[in-house]
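Working notes for the structure below.
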Amino acid sequence: MNTAAKIPLALLFLAGAAQAQSAFPLVPPHIDAASWVLMDAQTGQILAQGNPDARRNPASLTKLMTNYVVERALDQGRIGLNDPVPIGNDAWATRNPSFKGSSLMFLKPGDKATVSDLIRGIIIDSGNDACVALADYVSGDQAGFVRLMNGYVQQLHLQNTHFETVHGLDAPGQYSSARDLAQLARAIILHEQPYYHFYAQKSLSWNGVTQNNRNGLLWDQDLHVDGMKTGHTASAGFNLVASSIDPHGQRLIAVVMGADSSRGREVQAKKLLQWGERNFETVQLVARDRAITSQQVWYGQQKTVALGNPQNIYYTLPKGELRDVKVDYTLNHDYLEAPLARGQVVGRVNYLYDGKSIGSYDLRTLAPVAEAGWFSRLEDYIAIKIG
């Protein structure tokens with residue numbers, strides 16, 4: 001039963017993440033890269049894309065998952081940021097020929113490195129040696145750590161990703177996609193906030209060597225980029241995941257894979273982030289526990305009940321288009337009957353933009369309604385029958 005006509009959303013209120021991947025009639029800039037994605041971090045919506053699901057060599061973007069696994073271990077209390085980490089021979093470039101010519105933190109056996117130091121070594125220096133040291137510490141060996149990485153691939157529903165190494169050096173069977181890497185970056189941003197500040201740090205000194213973060217957008221004056229990670233091998237090209245936040249608090253994630261140079265990946269990511277900031281805004285469709293409507297209740301101690309949703313729900317729209325969002329709702333039954341529990345699902349609320357659904361959510365009671373006494377119930381029964 002449709003119980004309400006479509007109503008302009010702005011007349012109700014503004015507010016969880018919407019999962020729609022709808023394309024808006026805005027033309028993104030030309031992006032010179034093999035695959036790319038622009039995502040809103042709060043809603044997870046893809047705002048622009050090019051070959052987003054192509055399986056490509058992630059190179060050091062692999063280290064986003066390496067750090068995610070470490071951060072999950074921190075969350076679980078299995079390790080601590082200040083734990084001293086033994087540096088084994090497999091994390092020492094001198095004893096590891098595969099590290100020749102690759103990015104390093106320049107660890108050596110006997111170093112007094114903590115988990116925090118090594119996280120910074122992974123993010124700032126893109127240190128392959130730091131990846132190995134943390135993998136050994138968390139899982140005992142690299143193979144066990146890679147199993148954890150691929151376990152989180154499944155948990156995060158990354159459809160086009162598989163890891164073979166802890167650091168991202170070329171390996172057969174290792175791949176990811178721009179969409180998957182955006183989803184991984186979003187998981188880090190939303191769920192690993194205590195550690196996100198590491199991604200904004202611009203330099204690190206270790207064993208007499210000072211290195212700058214390879215993410216050049218951290219120095220860009222036109223954007224507020226505060227993370228995330230670069231990657232490059234000959235077969236991968238130049239990769240970059242960058243996240244920016246605008247003065248209104250909207251956070252975007254740009255993923256560029258297979259650009260032609262270090263500078264090129266930054267130029268392409270900057271184009272995406274600036275285009276997104278200029279053209280989109282994230283609005284609140286639903287405010288937690290705020291009434292969307294109220295409905296009559298039969299056989300209850302109260303005669304009406306407020307209906308809404310217990311979550312904040314957001315959506316990303318072209319700027320200025322909120323006025324064109326409509327809302328309608330449907331009840332599961334012709335009328336509501338007590339007793340009703342708080343949070344009980346009684347229908348669905350649907351939000352429409354440009355004639356298409358952009359989100360459908362449970363319509364729930366915002367307060368309990370106890371059953372009335374027998375005489376009041378009798379009165380309601382008669383009223384229903386007569387009506």
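In case you wondered, yes, glycine gets a Cβ from its N, Cα and C as well.
Now, the feature entries from TrEMBL:
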type	residues	note
ACT_SITE	Ser60	active site, acyl-ester intermediate
ACT_SITE	Lys63	active site, proton acceptor
ACT_SITE	Ser126	active site
BINDING	Lys229	substrate binding site
DOMAIN	280-371	domain 'Peptidase S11 D-Ala-D-Ala carboxypeptidase A C-terminal'
SIGNAL	1-20	signal peptide
Restricting to the same chain and to sequence separations of six or more, state which residues have a Cβ under 8 Å from that of Lys63 (active site, proton acceptor). Ile122, Ile123, Ser126, Cys131, His167, Gly168, Lys229, Gly231
Spatial neighbours, same chain, of the residue listed as 'active site, acyl-ester intermediate' - Cβ under 8 Å, 6+ residues apart: Ser103, Ser126, His167, Gly168, Lys229, Thr230, Gly231, His232, Asn239
By a three-class reduction of DSSP, the residue listed as 'active site' is assigned coil
Residues in the domain 'Peptidase S11 D-Ala-D-Ala carboxypeptidase A C-terminal' (280-371) per DSSP class, helix first, strand next, coil last, are 3 helix, 55 strand, 34 coil
